[in-house]
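Undergrad: Please read through the structure below; I'll follow up with questions.
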Amino acid sequence: MVYISDRVPHGHGRDPCPWIILHDFGGAFCIGAISSTIWHSIKGFRNSPYGQRWTGVITSIKLRVPVLGGNFGIWGGLFSTYRCAVTGVRGKEDVWSAIGAGFLTGGSLAMRGGLREAVRGGIECAVLLAAIEGTNITFSKMLAGSTKLDLHLCIDTWYERRAGYSMNGSRLLIPIPLLRILQHCVSTLLTIAASLACIVKMATMWKHKFRGKSLVFAVTAASCQAFLLLGYDQGVMAGIIGADNRFGRDFNEPDADMQGNITSLYNIGCVVGSILSYFVGERLGRRTMLMPGASIMIIGAILLAASYNLAALLAGRIITGIGNGMNSSTAPVYLSECSPASIRGALLTLQGTVTILGVVIAYWTDYGTSFYDSSFQWRFPLAFQAFFAIFIVLQVIGLPETPRWLAARDRHEEAREVISAIMDKPPTDESVTRVLLDIQSGLEEEHKDGPFKFKELLEWGTQQNLRRLLLIISIQMGQQFSGSNMINYYAPVIFQQSMHLSRNLSLILGGCAQITYLVGSAIPVLLMDRFGRRVLLIACSAGLCFCFVMVTILLSLGSTGAAYGATAFIFLFQLFYGVGWLPVPWFYPSELSTTRVRSKMQAIASGWNWMAVFAVVNITPISFENIEWRTFIIFAVLNAFFIPMVYVFYPETKGLELEDIPLLFYRGGVTGGVLLTRGRTVTPGQHALEARVDAKQHNEQIELAET
């Protein structure tokens, strides 16, 4: 466990770093909130008309105080995180740790402006932190000698004028508490100055008006950051869980059942987060939902890293899961509604790639800390996820809401501006108007039956929502029961127990398997919009089935050479899985759903996904403890079943606008025409053609010309 040393007089005592981070985040938030309340109360009072000034004060406080408080909190929490990290690396706490943390904080907050701005922001914050630390050291040296400060009175003349008599060169003893108060006042003022400087820099960088490819990239980066964190959380427990390491000793050597509970309760939290997204996601919007999700994960990470008993650990896992469930329900919808149809598949596939990048980071972080004998071995990997969550919040700031969500709330001019920014064309351009009219036409068709009712999701009808729902649930079950999370969560345990390899070698192989997984996940970025979703899913299922059959055969032989051969097929499994079943199930639900129910459908999909993960990771250790290598037979059979399931029932969405996809469900029958047409029942742009968008656009141009 990393502590801030008490050797430095202005340090934090012997508090563990997670509590310091939480303390600094809360303290900075309070400073920002209180300062903002005072400032915006005055502004709201002065800027409001007579008779409405108190209303103006309350409105101004509601709108601005949470923002500035949050900005201060982010600055304080990020600085404290960097300070703890620098202290842990250097092995000591001194003024240089604070200055280095200030440089990293300022650079991180300004990084969106490029390398030059990041360096400049880092230097500015480092200088301010140096001033703060210098002030603290000066006061500390002044206070080190005695309980009272002995000063020569160099102010005799001034005092004589005020008091009417001379002190004759006497000495004045100033009580230490008074100087302590003065020290904290000066230090606090300098801290506020540093915070404001970095926040102003951050606000300047984050107000950048992205357009065209840069906007699409920024939205993709924010969405992918959520999945990077998802992957990290999926992989981080693999190298920590176990009864023969420091984690096991700290938590009373948990048995297989408890290991499953520690791992799988996180997924229960994800289900809860998905349920929350179902009820509030549509109301708050796609972009907004990412911020509370990431904030909840920060709280969960701090609780995990500070755990001293199983109850706290399990609570932290659940809280972290809630935040991740909210993110995984929202990020695919946000990206799919902001992506051009021609590259939507590739961009959404990147979510799967960075998911595995997160798993790789988690595995090698676990391996790096496995050489420590202290609780740092498991506390640091669990705390490190807060770093990714903070950057989700930072990335979302300044990004727009999706045009479809805005149009669904009759905010059509805002929707036009966002479409204009995505296409990098003027708002009055014909192509911008055409896209907006297509969206509006689709929304009119969806809302012709009035306000949303839950029973719509269970009706076949013209929208065939029940068919969509069954497809969405089945693809989530397929992703998890293909056997992926059996490998992701327990690869080192499987290598150690089923293949009888050493723990160190098992950890290395687990990390290498995830690197192979990362390579496989990058392949569909190039193939998704060329071959489509169906082809990659079918090819992936066939490859996974083959790999598990070979693993079963080799492990049944019981020799060391056969175990190494089985390990090779585990690596091949990771390569195949990254091509199809990794990326598609995360974005396929958002493609199949209409704008009216998209956030709800994605939340349901995410909930089913996490329930399936819970089932898999909960039964895996028990299964390997009882039937060992025969567990692979179960997943081989399931993968064989997925091939005809995809071929018969799953429509192809490659290259289609989101408004075209509802046309896939207008045909009747058990398969909706998928079997006969090999999944391709609609052509790109068909909805715009049938809705006569060109005619509507022509009429709108005539009306504009007349006005």
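Any Cβ shown, glycine's included, is placed from N, Cα and C.
TrEMBL lists these features:
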type: DOMAIN; residues: 219-654; note: domain 'Major facilitator superfamily (MFS) profile'
type: TRANSMEM; residues: 181-203; note: transmembrane segment
type: TRANSMEM; residues: 215-242; note: transmembrane segment
type: TRANSMEM; residues: 262-281; note: transmembrane segment
type: TRANSMEM; residues: 293-323; note: transmembrane segment
type: TRANSMEM; residues: 343-364; note: transmembrane segment
type: TRANSMEM; residues: 376-397; note: transmembrane segment
type: TRANSMEM; residues: 505-528; note: transmembrane segment
type: TRANSMEM; residues: 535-557; note: transmembrane segment
type: TRANSMEM; residues: 563-582; note: transmembrane segment
type: TRANSMEM; residues: 603-623; note: transmembrane segment
type: TRANSMEM; residues: 629-650; note: transmembrane segment
Undergrad: Counting only residues 6+ away from its ends, which parts of the chain sit with a Cβ under 8 Å from the transmembrane segment (629-650)?
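TA: For the transmembrane segment (629-650), the list is 471, 474-475, 478, 481-483, 486, 498, 533-534, 537-538, 541-542, 544-545, 548-549, 551-552, 555-556, 566, 620, 623, 671, 674-675, 679.
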Undergrad: Do at least three CB pairs under 8 A connect the transmembrane segment (535-557) and the transmembrane segment (215-242), leaving out pairs fewer than 6 apart in sequence?
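TA: Touching, no - the transmembrane segment (215-242) and the transmembrane segment (535-557) miss the threshold of 3 or more Cβ pairs under 8 Å.
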Undergrad: Over the span of the domain 'Major facilitator superfamily (MFS) profile' (219-654), how high is the average pLDDT in this prediction?
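TA: So the average pLDDT across the domain 'Major facilitator superfamily (MFS) profile' (219-654) works out to 83.
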Undergrad: Any chance you could find the range in 262-281, 293-323, 376-397 with the most Cβ pairs under 8 Å to the transmembrane segment (603-623)?
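TA: Answer is 262-281, with the largest number of Cβ pairs below 8 Å.
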Undergrad: Taking residues 6+ outside the transmembrane segment (343-364), which of them lie with a CB under 8 Å of any CB in it?
TA: 216, 220, 223-225, 227-236, 238-239, 331-332, 335-336, 381, 388, 488, 507, 510-511, 514-515, 517-518, 520-522, 524-526, 528-529, 532-533, 578, 582-583, 586-587, 591, 654
Undergrad: The transmembrane segment (505-528): which same-chain residues, six or more beyond its ends, come within Cβ distance under 8 Å?
TA: 235, 238-239, 345-346, 348-350, 352-353, 355-357, 359-360, 363-364, 366-367, 370, 487-488, 491-493, 495-496, 536, 567, 570-571, 574-580, 582-583, 654
